[in-house]
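J.: Got these off Swiss-Prot a minute ago, pasting:
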- Gly83, Trp85, Asp106, Asp122, Asp146: S-adenosyl-L-methionine binding site (BINDING)
- Lys186: active site, proton acceptor (ACT_SITE)
- 230-265: region 'Disordered' (REGION)
- 243-257: compositional bias 'Basic and acidic residues' (COMPBIAS)
Amino acid sequence: MTKKPENPGSAGIRVLKTRIKKKSGLKESSRRWLQRHINDPYVQRSKADGYRSRAAYKLIEIDDKHHLLKPGMKVIDLGAAPGGWCQVAAARTKSTAENPHVVGIDYLEMDAVPGAPVLLMDFLDPDAPQKLAEALGGNPDVVLSDMAAPTTGHKRTDHIRTMHLCEVAADFALSVLKPGGHFLAKTFQGGAENELLSMLKKNFRSVHHVKPPASRDESVELYLLAKDFKGREAGPPSGGSERPVDVSKDLSARSDSEGPGDAEG
């Protein structure tokens, strides 16, 4: 199991603290964010381990505890860029280029992930489910989403925007998952999710929040974990059958690619 680094060198890497000078020309908030990012032990570990982002360790830690990913399972990663979660899922499902078990989807271009093809399109496009099923060779056992809306600094607004992404991801998962499948998605603390929780509890046998050690202590970030999908006979998604008006292209962003003031990576 991956443990939270106690210090920057706990992963076997000798790291020197880096300080960004106040006269660097950056705004103070940007300077603080950059300094924290550079000195983050998960960022340093991700470089040493070959992961594209520190967010990879969030999925590793959640999977170590909750056992979502197993060899041969089919997985869809929504908003896959830059590819850290695809890397983890591909390794744990034993996905290969010849026999892919993991497919990512994102309208943002990204480098190819070995063993995990990525479709360059919006997952809300009408033909996305069919194209994903074709790429996987069937419906998924797991749907993942680490999407978050770029933050505005207004906590209530940020929560609502990211919750909307979580809701449309959940509706997508309900439309494609195999019975017994699992759904994992980023959300923020802050309420306004009773309808989503009610819908998930109606359609999955286990629903709860998780916060992996790789999520910063001060972050409002949480993950919704819904396990053991009951199947589509349990009832249609509530309130999510209609496509929102162009919100995903305005809001969707893999949080680990954001800069100062944005969601945690």
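Just so you know, glycine gets a Cβ as well, placed from its N, Cα and C.
These numbers come from a predicted model, not from an experiment.
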J.: Including all protein chains displayed, how many Cβ atoms other than that of Trp85 (S-adenosyl-L-methionine binding site) lie within 10 Å of its Cβ?
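T.: For Trp85 (S-adenosyl-L-methionine binding site), the count of other Cβ atoms within 10 Å is 32.
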J.: Based on Cβ atoms within 10 Å, give me the single least packed residue among the binding-site residues Asp122, Asp146.
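T.: Comparing Cβ neighbours within 10 Å for the binding-site residues Asp122, Asp146, Asp122 has the fewest.
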J.: Reported as an integer number of Å, what is the Cα distance between Trp85 (S-adenosyl-L-methionine binding site) and Lys186 (active site, proton acceptor)?
T.: 12
J.: For Gly83 (S-adenosyl-L-methionine binding site), write down the residues of its own chain that are at least 6 apart in sequence and whose Cβ falls under 8 Å from its Cβ; none is a fine answer.
T.: Arg52, Ser53, Gly104, Met110, Asp111, Val113, Ala116, Val118
J.: Taking the Cβ of the residue listed as 'active site, proton acceptor' as centre, how many other Cβ atoms lie within 10 Å?
T.: 26
J.: Check the Cα-Cα distances from Lys186 (active site, proton acceptor) to the binding-site residues Asp106, Asp122, Asp146 and tell me which is shortest.
T.: Asp146
J.: I'd like the Cβ neighbour count for Asp106 (S-adenosyl-L-methionine binding site), meaning other Cβ atoms within 10 Å of its Cβ, all protein chains included.
T.: 24
